[in-house]
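Q: Heads up, here are the entries from Swiss-Prot:
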- GLY169, ASP170, ARG171, GLN172, THR173, GLY174, LYS175, THR176: ATP binding site (BINDING)
- SER373: site 'Required for activity' (SITE)
Amino acid sequence: MQLNSTEISDLIKQRIEKFNVVTEARNEGTIVSVSDGIINIHGLADVMQGEMIELPGGRYALALNLNRDSVGAVVMGPYADLQEGMKVTGTGRILEVPVGPELLGRVVNTLGEPIDGKGPIEAKLTSPVEVIAPGVIDRKSVDQPVQTGYKSVDSMIPIGRGQRELIIGDRQTGKTAMAIDAIINQKDSGIFSIYVAIGQKASTIANVVRKLEEHGALANTIVVVASASESAALQYLAPYSGCAMGEYFRDRGEDALIVYDDLSKQAVAYRQISLLLKRPPGREAFPGDVFYLHSRLLERAARVSEAYVERFTNGEVTGKTGSLTALPIIETQAGDVSAFVPTNVISITDGQIFLQTELFTAGVRPAVDPGISVSRVGGSAQTKIIKKLSGGIRTALAQYRELAAFAQFSSDLDDATKKQLDHGEKVTELMKQKQYAPMSVFDQALVIFAAEKGYLKDVELAKLADFEEALLSYARGQFADLAKEIDTSGAWNNEIEAQFVKLVEDFKATQTW
């Protein structure tokens, strides 16, 4: 078959017309070094701080060091098979995680992927993990309580919705137990909970999830896990992921509580990443921006105004404030609260609950030290009845500690001192509480009332726990309406006081202690 020149030119023209040119610009680079989960990339032109970089095999790395001729990125996941010369691509996206009510009752990893074997999560929305905290104008003052269910905390160190209250202490002093009990106490309060586990053993986390499920609190809780076996990058990012999930509720006029367990391990993970990225070390080998690491996280816990919620939801939610309350946990070494990370977090938060090893081993649990534990903004959020009744509790405990130390050197004490010691001893005993047994407002108020009004003078110290249990059981049976009213309103007036007096006196008349 022979073609003349005209036919050949026509065929070429047809082919040219039909030829579909697809141009796709890809921001591509090459891995030049891989070590300890850190990759250096050459050739990526436009990269943002914190951008997701796509790696071979569907994995991602996070761009953290932006140098003149290279990019330092930390791999999120396994990195053993990455090699020099591999091609990587910039995505132009900041890390986002799924958010929304679909995550409640689930256990997820740092990236929001389910790890509980209950199937995929059909979340409709995603949110960036790094968000600027609400400004001063967008905030409201903290004046609504978060009941932890602990007598010692709710009476002496009250926590409000939108507050940041640090739980600090040595290892094995009950920090996680306190945070888990606070979450369990929210199951009927309308507050959603997020528990972020950072650098813990998988067995410990599994135990926490099981306890939440047993006590019916998992259904309104999201558990975010970055266990000890996961990379430093995922441990560093886990609190920000959990915070983004909590902000979903805050920004829509709901209330949420987030526990970071614990930020010491997050700081260590960030130190590891920073040193591998060859950033200059500072005090205790932490990088210079370790304060900013925690401040930008904890400032996102806030109570936001009605106008902020209305603006965020485009008018769908009106007249409601939202809040995110944070309970960060810090582990100290031999009670040293003056170390770098503890002092940073103490200065960022609105107060701290200090748990002491000496108290814990002496059987005072929760091991709260009332001397150096404080809540800077929770007082205005405290329930009215608890605020009215608990004024003398902290004083009684402080005086008792002082006198107990003095009494060791003196055998003959006057009657007033003996009374103070006896009262302080009984208040200390009364503040003890079992794990997984948070108390309602009414129960706390009744026990504190009995202590403050002198109804425990004739009760032996050894029988105090039985007295408390019997009193609460009697009150729930005979004064159910009063209990319901106080649990709902938290009010205090002369009429309620008279009913309390009648309740305790009737109880003491029926039984001998």
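Each residue, glycine too, has its Cβ placed from N, Cα and C.
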Q: With every protein chain in view, what's the tally of Cβ atoms within 10 Å of the Cβ of GLN172 (ATP binding site), excluding that atom itself?
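A: There are 12 of them.
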Q: Fewest neighbouring Cβ atoms within 10 Å: which of the binding-site residues GLY169, GLY174?
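A: Ranked by other Cβ atoms within 10 Å, the binding-site residues GLY169, GLY174 bottom out at GLY174.
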Q: Who sits close to ARG171 (ATP binding site): which same-chain residues at least 6 apart have their Cβ under 8 Å from its Cβ?
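A: For ARG171 (ATP binding site), the qualifying residues are GLU331.
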Q: Taking the Cβ of SER373 (site 'Required for activity') as centre, how many other Cβ atoms lie within 10 Å?
A: 22
Q: For the recorded ATP site, whose residues are GLY169, ASP170, ARG171, GLN172, THR173, GLY174, LYS175, THR176, find every other residue on that chain with a C-beta no more than 8 angstroms from the centre of their C-beta atoms, and list them by sequence position.
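A: Apart from GLY169, ASP170, ARG171, GLN172, THR173, GLY174, LYS175, THR176, the close residues are GLU331, LEU355, THR357, PHE360, ALA367.
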Q: What residue among the binding-site residues ASP170, THR173 has the most other CB atoms lying within 10 A of its CB?
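A: Selected residue: THR173.
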Q: Can you tell me the three-state DSSP label for ASP170 (ATP binding site)?
A: coil
Q: Round to a whole number and give the Cα-to-Cα distance in Å for the pair GLY174 (ATP binding site) and SER373 (site 'Required for activity').
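A: Given the Cα positions, GLY174 (ATP binding site) is 15 Å from SER373 (site 'Required for activity').
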Q: By a simple count, how many Cβ atoms lie within 10 Å of the Cβ of THR176 (ATP binding site), its own Cβ left out?
A: 20
Q: Do any residues at least six apart in sequence from LYS175 (ATP binding site), in the same chain, have a Cβ closer than 8 Å to its Cβ, and if so which, in order?
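A: Non-local contacts for LYS175 (ATP binding site): ILE167, ILE168, GLY169, ASP261, ASP262, ILE329, GLU331, LEU355.
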Q: Cα distance, SER373 (site 'Required for activity') to THR173 (ATP binding site), nearest Å?
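A: Pair distance, Cα basis, whole Å: 15 Å.
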